[in-house]
Amino acid sequence: MDISSVIFNQLLQMFFIMMFGFVLVKISFLNMSGSQQLANIVTKFVIPIVLMLSFQQDYNTNQLQLLFTSLLGALAITLSRIFIAHTLLRKRSKIDKYAIVFSNTAFMGIPIILPILGYEGIFYLSMYIVTSAVFQFTYGIWILSEGKQPITVKSILTNPASIGALVGFGLYITRIPLPEVLYNSLDTIGGLSSPLGMILLGGYLARSKMKEIFLVKSNYWIVAVRLVISPLLALFLIWLLPISHPEVLLVLAIANCTPTAVNTALFSQLYGGDYEYGARIIILASFFSIVTMPLMISLATFLLL
């Protein structure tokens with residue numbers, strides 16, 4: 001199955017799960033209070049579990065070096081997007097800035113990378129997911145709360161994403177595997193991350209007006225920056241970095257061009273933003289990523305590999 005087919009299938013899955021959440025809201029089965037509780041469960045418990053489990057790999061010194069190489073690339077991509085958010089989008093809303101910086105890497109990246117590179121590729125991707133999650137729980141919350149929750153050493157080390165990543169990395173370094181029954185239980189919980197996120201997104205969509213998604217011109221500028229301009233800048237930075245391992249480069253290239261993170265809506269609801277607007281940007285970016293992702297991945301393959 002080629003990359004375009006994988007992307008299309010993932011977006012189709014997203015659509016069907018979103019429609020389930022859409023129906024739950026329309027029949028008054030899922031209200032705002034329930035949505036906020038689910039958002040809390042996903043962001044404060046499920047995501048840290050996913051991050052911890054991503055480090056459940058056999059220890060390998062060479063692989064550890066490549067893991068830090070992946071971290072270098074992930075930091076370069078994230079910082080380049082923050083730069084764009086505070087230059088091209090300096091007059092735009094806090095949600096626009098968040099939507100540019102953070103991407104739907106886990107849900108879109110894993111199904112594309114797994115059939116191409118296997119679990120080794122997922123291991124390198126985990127560093128990108130961890131980096132993104134830590135920035136979401138620090139810089140992202142700072143942006144959405146308009147500085148009311150400042151970035152401190154404590155907030156960097158004690159947020160749910162960092163705790164999950166630190167525990168996972170500690171287990172990896174000490175070569176302590178989780179018991180099979182515990183791993184399987186946590187893996188099942190971690191598997192709830194994407195479905196619950198899509199259900200919540202469908203609920204946000206049910207509370208939005210469809211014309212506000214496709215007929216508002218300013219939405220298209222944000223999507224263009226997210227899917228074209230920021231990936232091109234990040235691709236240039238990756239090209240400049242001393243990264244030569246082809247699998248790490250391909251993982252970074254794929255992660256770089258995934259659409260806007262579902263957490264744009266989830267975190268907006270939790271930290272006082274217009275979550276319905278965030279949901280509209282997610283839906284529009286996901287729709288156009290059917291075209292932009294294969295093009296960006298092809299360009300990255302040509303330039304980097």
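Yeah, the Cβs are placed from backbone N, Cα and C, and that goes for glycine too.
As given in TrEMBL:
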TRANSMEM  6-25  transmembrane segment
TRANSMEM  37-55  transmembrane segment
TRANSMEM  67-86  transmembrane segment
TRANSMEM  98-117  transmembrane segment
TRANSMEM  123-144  transmembrane segment
TRANSMEM  156-176  transmembrane segment
TRANSMEM  188-206  transmembrane segment
TRANSMEM  218-242  transmembrane segment
TRANSMEM  248-267  transmembrane segment
TRANSMEM  279-304  transmembrane segment
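Only residues 6 or more beyond the boundaries of the transmembrane segment (67-86), in the same chain, are considered here, and those with a CB under 8 A from a CB of the stretch are 96-97, 100-102, 123-125, 127-128, 130-132, 135, 139, 225, 229-230, 233-234, 237-238, 241, 243, 245, 248-249, 251-252, 255-256. Contacts between the transmembrane segment (248-267) and the transmembrane segment (6-25): absent, as fewer than 3 C-beta pairs lie under 8 angstroms at sequence separation of six or more. Sequence-remote contacts of a segment are chain residues at least 6 beyond its ends whose Cβ falls under 8 Å from one of its Cβ atoms, and for the transmembrane segment (98-117) they are 1, 3, 6-7, 9-10, 14, 50, 78, 81-82, 84-85, 89, 124-125, 128-129, 132, 135-136, 139-140, 143-144, 193-194, 197-198, 222, 225-226, 230, 247, 250-251, 254-256, 258-264, 267-268, 273, 278, 281-282, 285-286, 289, 293.
Long-range neighbours of the transmembrane segment (156-176) within the same chain, counting only residues 6 or more positions beyond its ends whose Cβ lies under 8 Å from a Cβ of the stretch, are 43-45, 47-57, 59, 130, 133-134, 136-138. Distant neighbours of the transmembrane segment (123-144): 47, 50-51, 54-55, 57, 63, 66-68, 70-71, 73-75, 77-78, 82, 94-95, 97-98, 101-103, 105-106, 109-110, 113, 117, 150-151, 155-156, 159-162, 164-165, 247-248, 251-252, 254-255, 261, 263, 267-268, 271-273; these residues of the same chain sit at least 6 beyond its ends, with a Cβ under 8 Å from one of its Cβ atoms. For the transmembrane segment (218-242), the list of distant contacts is 72-73, 76-77, 80-81, 83-84, 88-89, 92, 96, 99-100, 103, 249, 252-253, 256-257, 259-260, 280-281, 284-285, 288-289, 292, 296, 299-300, 303-304: same-chain residues at least six beyond its ends, Cβ to Cβ under 8 Å.
Sequence-remote contacts of a segment are chain residues at least 6 beyond its ends whose Cβ falls under 8 Å from one of its Cβ atoms, and for the transmembrane segment (6-25) they are 31, 107-108, 111-112, 115, 194-195, 198-203, 205-207, 286-287, 289-290, 293-294.
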